[in-house]
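Novice: I grabbed these lines from TrEMBL:
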type	residues	note
BINDING	B:Arg48, B:Lys54	NADP(+) binding site
BINDING	B:Arg125, B:Ser126, B:Ser127, B:Asn237, B:Ala238, B:Gly282, B:Lys297, B:Pro298, B:Thr299, B:Ser300, B:Ser301, B:Arg323	FMN binding site
REGION	B:305-325	region 'Disordered'
COMPBIAS	B:316-325	compositional bias 'Basic and acidic residues'
Protein chains: 4
Amino acid sequence: MSWNTFGRAFRFTTWGESHGPALGVVVDGCPPGLMLDEAAIQPFLDARRPGQSKFTTQRQEADQVRILSGVFEGRTTGTPISLMIENTDQRSKDYSEIAKAYRPGHADYAYDAKYGVRDYRGGGRSSARETAARVAAGAIARLAIPEVEVLAYVSEIGGDAIDHANFDAAEIANNPFFCPDAEAAKRWEALVDDARKAGSSLGAVVECVAKGVPAGWGAPVYAKLDSDLAAAMMTINATKGVEIGDGFAAARLSGEENADEMRSGEGAGPEFLANHSGGVAGGISTGQPVVCRVAFKPTSSILTPRKSVTSDGEETEVRTKGRHDPCVGIRGAPVVEAMMALVLADHKLLHRAQCG
Amino acid sequence: MSWNTFGRAFRFTTWGESHGPALGVVVDGCPPGLMLDEAAIQPFLDARRPGQSKFTTQRQEADQVRILSGVFEGRTTGTPISLMIENTDQRSKDYSEIAKAYRPGHADYAYDAKYGVRDYRGGGRSSARETAARVAAGAIARLAIPEVEVLAYVSEIGGDAIDHANFDAAEIANNPFFCPDAEAAKRWEALVDDARKAGSSLGAVVECVAKGVPAGWGAPVYAKLDSDLAAAMMTINATKGVEIGDGFAAARLSGEENADEMRSGEGAGPEFLANHSGGVAGGISTGQPVVCRVAFKPTSSILTPRKSVTSDGEETEVRTKGRHDPCVGIRGAPVVEAMMALVLADHKLLHRAQCG
Amino acid sequence: MSWNTFGRAFRFTTWGESHGPALGVVVDGCPPGLMLDEAAIQPFLDARRPGQSKFTTQRQEADQVRILSGVFEGRTTGTPISLMIENTDQRSKDYSEIAKAYRPGHADYAYDAKYGVRDYRGGGRSSARETAARVAAGAIARLAIPEVEVLAYVSEIGGDAIDHANFDAAEIANNPFFCPDAEAAKRWEALVDDARKAGSSLGAVVECVAKGVPAGWGAPVYAKLDSDLAAAMMTINATKGVEIGDGFAAARLSGEENADEMRSGEGAGPEFLANHSGGVAGGISTGQPVVCRVAFKPTSSILTPRKSVTSDGEETEVRTKGRHDPCVGIRGAPVVEAMMALVLADHKLLHRAQCG
Amino acid sequence: MSWNTFGRAFRFTTWGESHGPALGVVVDGCPPGLMLDEAAIQPFLDARRPGQSKFTTQRQEADQVRILSGVFEGRTTGTPISLMIENTDQRSKDYSEIAKAYRPGHADYAYDAKYGVRDYRGGGRSSARETAARVAAGAIARLAIPEVEVLAYVSEIGGDAIDHANFDAAEIANNPFFCPDAEAAKRWEALVDDARKAGSSLGAVVECVAKGVPAGWGAPVYAKLDSDLAAAMMTINATKGVEIGDGFAAARLSGEENADEMRSGEGAGPEFLANHSGGVAGGISTGQPVVCRVAFKPTSSILTPRKSVTSDGEETEVRTKGRHDPCVGIRGAPVVEAMMALVLADHKLLHRAQCG
């Protein structure tokens with residue numbers, strides 16, 4: 001897990017910038033013999049794809065994935081799987097203005113301070129376009145954990161949360177917000193549209209639940225399943241917080257309330273009477289659903305002018321005119337889902353390395 | 001970062017169980033030439049040490065650290081630094097009851113499901129005693145980042161938060177709660193004492209601020225400073241959530257509110273007008289204070305009986321009678337502080353590896 | 001360093017099979033600000049390129065490299081550099097025979113035993129075509145260590161060694177054998193041609209010398225410079241042995257003979273009177289030239305039939321009719337050179353991580 | 001595999017200096033449920049222990065190992081196993097002379113150049129005493145690979161090789177040289193004794209054979225079994241060369257000679273008619289014995305004076321008067337054996353991670 005690689009046993013390395021010719025990912029350590037072709041990956045990329053509604057950026061990218069290695073006669077061979085997605089709509093435009101000004105909320109200044117050089121076109125490597133590569137890798141991770149069902153959805157936009165009583169998984173694909181609550185989705189249409197028209201932007205919270213994870217994945221102390229999930233989620237652009245199970249709310253419970261009591265189960269392990277822990281105890285899965293929640297800040301690229309400086313130290317104002325998501329958290333849902341699958345695939349392999 | 005090792009360049013590996021003869025840590029990759037002896041480490045262990053007030057476990061541990069390697073004539077040599085802390089108060093008692101019953105909220109069942117064997121004495125490896133080893137390692141990390149000042153404190157217990165207007169760093173050492181708000185500390189005395197007497201327990205939130213971190217530490221995309229911080233914090237026992245900067249609150253801000261505007265600074269970089277980002281943008285430090293917040297669940301070991309099962313599948317009730325912290329988050333403050341120092345030391349080294 | 005990634009700080013990940021659409025490499029951790037374009041890489045690929053004389057395989061590959069990321073306005077940005085080389089001469093032919101028979105000396109059976117599936121076209125991932133990706137990565141590594149001059153050459157073919165008294169670096173590019181001894185090169189023409197005509201093949205030894213490596217790169221105990229070099233060289237196809245400095249010959253010297261005596265030097269460190277150690281002591285560079293030697297077995301693909309079995313367990317005979325190098329070690333020279341540069345670049349970065 | 005840690009899945013980290021209070025190792029990733037106590041480790045340490053004949057150093061070390069964690073009720077728990085060995089005979093003596101002079105052939109100058117500080121007492125971290133920690137770790141690795149039998153022995157001292165026709169495994173424990181050829185052992189007595197009396201030293205070659213390794217361990221391209229073995233062996237003090245199978249001799253064979261032909265086998269895979277490859281093809285085990293050979297240079301510490309310089313740049317002569325092995329390769333045999341076991345245990349775990 002360093003620089004641009006994530007994972008220990010099921011590992012992936014992404015590359016590519018927002019406005020370069022292409023981006024991609026190399027997946028290494030994938031089990032052999034899995035059925036894999038582009039069609040198994042494309043639907044996940046399509047879900048994340050921009051330009052599909054007025055609530056996401058109008059950048060038009062086909063996001064067609066191409067498998068360049070690691071698959072033979074329709075099956076993974078155990079050797080590295082190289083995936084490439086060409087950038088097709090990296091509009092050539094005049095960057096002279098943005099080239100010098102540091103956009104507030106963006107990584108522009110931090111990159112310059114670190115590297116002394118940066119690709120200012122669309123944020124370069126710091127662009128959320130990189131997440132397409134993860135989503136592609138995540139599609140492969142899913143194949144490695146057929147016993148697990150992973151589902152992510154947006155649970156809150158601009159402070160307006162879904163009502164879990166209205167939860168309907170089937171609803172998620174029915175609206176442009178990955179929202180499982182039809183009523184909330186309706187409210188969000190106005191909310192996001194208003195923000196967009198006002199040249200503003202909104203934050204969001206994405207929830208992710210993985211069902212079918214057997215007890216025993218994860219490891220003490222620095223390979224904890226929840227620690228790896230937190231790391232994974234915090235690598236996604238615009239994320240500022242992660243919760244496992246009850247998260248910060250757990251800090252407000254009493255010990256009695258928080259205890260996940262058990263009774264005799266019908267299956268291999270005990271039956272839990274609650275899941276405050278979010279399916280992880282001591283860094284190891286308990287067999288309950290693994291639950292995590294991720295906070296996305298509002299999109300930093302807004303039309304409203306903000307004070308800033310240039311790389312020469314001149315004061316200036318920045319308005320980001322380009323095509324941007326009014327709520328970057330929306331398209332975060334497929335990315336959170338992919339990261340959950342990737343972490344779980346990694347831990348499945350790690351578990352059988354040590355425990356057979 | 002795997003199993004019991006954390007870090008990429010400044011790495012540490014911990015070992016030891018709650019009731020074994022000792023616990024320890026091997027710190028590898030530490031720069032040579034740093035002045036180091038036991039006296040530079042001991043104060044941090046003393047701050048974390050149990051048994052110092054009625055608000056923490058009554059287990060009495062001297063927590064005397066011993067340096068076994070890597071230091072010569074008072075200076076680090078660049079070779080691995082081995083630290084050992086002997087366990088002195090691992091009371092011999094009858095574990096026959098607990099040996100089979102899975103304590104709710106604990107990792108007992110998860111460990112058994114994973115390994116098929118577990119050291120049930122005090123939770124074995126899953127005990128928070130392991131954090132003594134991190135605190136010792138953290139003391140060395142501080143020496144490697146003399147330009148940085150790291151401070152952690154408890155900002156909330158049982159839902160009762162400090163008032164940041166009352167913040168006084170000097171107050172932190174004046175009460176048994178690492179609380180920077182004297183009034184809150186007073187309220188917490190009653191709060192925690194009540195929980196303790198009721199056989200219950202409380203959760204807490206710990207905040208940590210690192211000042212003096214220069215712009216440029218961290219790296220895209222999977223070695224982000226904030227991702228590593230999230231991972232680090234989520235490896236601490238009983239943690240369920242991590243926030244960087246505004247965290248989940250950022251998801252409720254507008255883009256204009258959340259933007260950290262800049263103006264011409266007097267130093268090397270721009271001056272920021274706000275720090276919603278918590279000192280990290282695109283995974284790289286901005287030169288502002290690095291801010292993180294960690295949620296601790298209430299201590300799982302409580303006197304109040306909870307339903308559970310045994311490893312044989314028999315239903316039972318568990319009351320944890322031993323010596324336990326009524327609010328494990330309190331002693332989490334020195335551990336959070338240590339982890340912040342450890343992550344920053346690692347990123348300082350990583351930064352100069354790539355960028356000279 | 002796992003699976004298809006090599007290096008700790010300067011890391012690269014290769015992908016691709018002999019008969020897939022392309023192969024490539026992602027270089028991660030490269031310092032920013034280095035001047036880089038395809039023209040800086042291509043000459044090294046051209047040197048390794050097949051089909052340039054009758055002494056190497058007649059496969060015709062342009063081996064044109066394309067930079068897909070990590071470079072902006074002619075400079076490295078510090079983000080991952082993705083390089084791709086398309087396969088253009090992966091002849092479509094009838095593989096039905098070879099698809100089942102395990103070629104002796106090749107990895108066919110081992111791959112099948114491991115993965116239960118394999119890409120039999122040209123050896124798939126086990127083909128030496130993968131080394132093109134390393135050579136491309138090596139060209140970037142050289143840019144990161146401008147203070148070092150790396151040179152590899154063939155010192156022995158089929159047991160016929162060069163005379164070091166005839167050593168002329170300028171000669172290396174003058175013959176198809178990377179041979180620094182003009183007379184040996186002449187003898188090898190006949191030697192290799194005879195083997196080729198006889199449907200046989202020959203082994204070789206490649207030597208590599210790196211001048212300009214400062215004292216202090218490397219690290220005890222498991223990141224030793226010589227250990228990493230040994231690992232690097234043994235990842236090259238067909239290698240069976242590695243020596244540092246005097247290597248096995250050192251095992252036949254007395255302690256007096258082997259001691260590299262020192263006297264007062266003019267530069268920073270002492271002047272050494274000998275270099276039996278090959279520039280490494282205790283895993284750390286001494287400032288003398290780093291010297292290593294690599295043994296390549298004879299090409300396993302030969303026209304002479306050899307006994308084998310099929311994946312069904314049937315006995316058979318295998319003659320490898322395709323286009324093959326009569327002495328695979330010849331084209332090993334640019335690969336050894338690349339690996340030396342890659343290991344040194346990695347250790348330069350590791351050294352400054354720890355020691356500033 | 002960085003700094004003082006080796007291995008990917010079965011990992012160990014060593015610490016300690018020649019003249020510090022103790023040395024040790026933390027083994028991480030070990031499978032749970034293995035029967036382990038000190039008695040399972042001690043015999044391997046006893047075999048490596050110094051002071052047992054006049055052919056090894058007269059330093060007297062009990063080398064008593066103590067298990068500090070990771071074992072409960074006689075079984076490994078899957079958590080880190082910490083082993084400690086106290087140094088008991090680190091004679092206090094006057095180091096003022098050696099403190100400044102760089103001993104030729106030793107790492108003294110290299111350490112100083114790297115770290116700017118070094119523990120000059122007995123070489124500090126660069127001392128071969130560190131290998132005691134590996135031997136202890138190797139004893140645990142053996143438990144994780146009960147299907148494999150690993151055997152190392154000295155095959156050559158001072159250029160005088162054993163006759164493989166006289167090979168008798170039972171003989172290895174019958175002489176102070178780990179020599180499987182009784183006649184060679186007799187010759188070596190005189191050879192080594194002469195060198196010792198002359199204040200000189202000798203090099204050696206150690207061979208190691210692992211039987212029972214199933215086909216399929218290892219992985220392309222940078223986690224090759226032979227690459228990891230080469231790395232492992234070259235981390236041992238005083239090693240200068242590694243060969244797998246025929247090694248450098250393979251470079252002198254023809255393709256026909258070198259091919260390991262196969263016929264229909266009785267077991268799972270084919271039966272090989274030769275083992276030039278040393279049990280590894282394409283980086284993956286073939287099911288044949290894994291064979292490797294390691295060259296040890298002559299001990300650098302000799303009584304005969306050698307020219308050198310001090311850290312102040314003054315010219316001087318160095319005679320190493322202490323207690324030293326006249327042939328350090330002899331005690332290398334148990335260390336080579338341990339490293340083979342450690343690499344194989346790691347690859348067993350890695351294989352089942354990916355391939356189930």
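Here the Cβ of each residue, glycine as well, is placed from N, Cα and C on the backbone.
Since we're looking at a predicted model, the values are computed, not measured.
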Novice: For B:Arg125 (FMN binding site), what is the secondary structure state per DSSP, taken as helix, strand or coil?
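Specialist: In three-state terms, B:Arg125 (FMN binding site) counts as helix.
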Novice: What is the interatomic distance between the Cα atoms of B:Arg125 (FMN binding site) and B:Lys54 (NADP(+) binding site), given in whole Å?
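Specialist: With the alpha carbons as reference points, the distance is 25 Å.
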Novice: What is the interatomic distance between the Cα atoms of B:Thr299 (FMN binding site) and B:Arg48 (NADP(+) binding site), given in whole Å?
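Specialist: Between the Cα atoms of B:Thr299 (FMN binding site) and B:Arg48 (NADP(+) binding site), the distance comes to 16 Å.
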Novice: Identify, in sequence order, the residues in the chain of B:Lys54 (NADP(+) binding site) that are 6 or more apart from it along the sequence and have a CB within less than 8 Å of its CB; answer 'none' if there are none.
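Specialist: Residues satisfying the criterion: B:Asp193, B:Arg196.
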Novice: Given the binding-site residues B:Thr299, B:Ser301, which one's Cβ is surrounded by the fewest other Cβ atoms within 10 Å?
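Specialist: Among the binding-site residues B:Thr299, B:Ser301, the lowest count of other Cβ atoms within 10 Å belongs to B:Ser301.
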Novice: If you draw a 10 Å sphere around the Cβ of B:Ala238 (FMN binding site), how many other Cβ atoms fall inside it, taking every protein chain shown into account?
Specialist: 24
Novice: Could you say which of the binding-site residues B:Arg48, B:Arg125 has its Cβ with the most other Cβ atoms inside 10 Å?
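Specialist: Going through B:Arg48, B:Arg125 one by one, the largest Cβ count within 10 Å is at B:Arg125.
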Novice: Taking residues 6+ outside the compositional bias 'Basic and acidic residues' (B:316-325), which of them lie with a CB under 8 Å of any CB in it?
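Specialist: Contacts with the compositional bias 'Basic and acidic residues' (B:316-325): 50, 55-59, 98, 101-104, 122, 128, 199, 201, 299-310, 331.
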Novice: Return the residues near B:Lys297 (FMN binding site), defined as same-chain residues 6+ apart in sequence whose C-beta is under 8 angstroms from its C-beta, sorted by sequence, else 'none'.
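Specialist: The list for B:Lys297 (FMN binding site) reads B:Gly105, B:Gly203, B:Ala238, B:Thr239, B:Lys240, B:Val328, given in order along the sequence.
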Novice: List those binding-site residues among B:Arg48, B:Arg125, B:Ser127, B:Ala238, B:Lys297 whose Cβ lies under 8 Å from any Cβ of chain C, in sequence order, or write 'none' if there are none.
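Specialist: Near chain C - Cβ to Cβ under 8 Å - we find none.
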Novice: Reported as an integer number of Å, what is the Cα distance between B:Arg48 (NADP(+) binding site) and B:Ser301 (FMN binding site)?
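Specialist: That separation, Cα to Cα, works out to 19 Å.
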Novice: Once the DSSP letters are reduced so that anything not helix or strand counts as coil, what is B:Ala238 (FMN binding site)?
Specialist: coil
Novice: Can you name the binding-site residues among B:Lys54, B:Arg125, B:Lys297, B:Ser301 whose Cβ is less than 8 Å from some Cβ in chain D?
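Specialist: The binding-site residues close to chain D are B:Arg125.
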Novice: Compile a sequence-ordered list of residues in the same chain as B:Ser127 (FMN binding site), six or more apart from it, whose Cβ lies below 8 A from its Cβ; state 'none' when nothing qualifies.
Specialist: B:Glu17, B:Ser18, B:Asn237
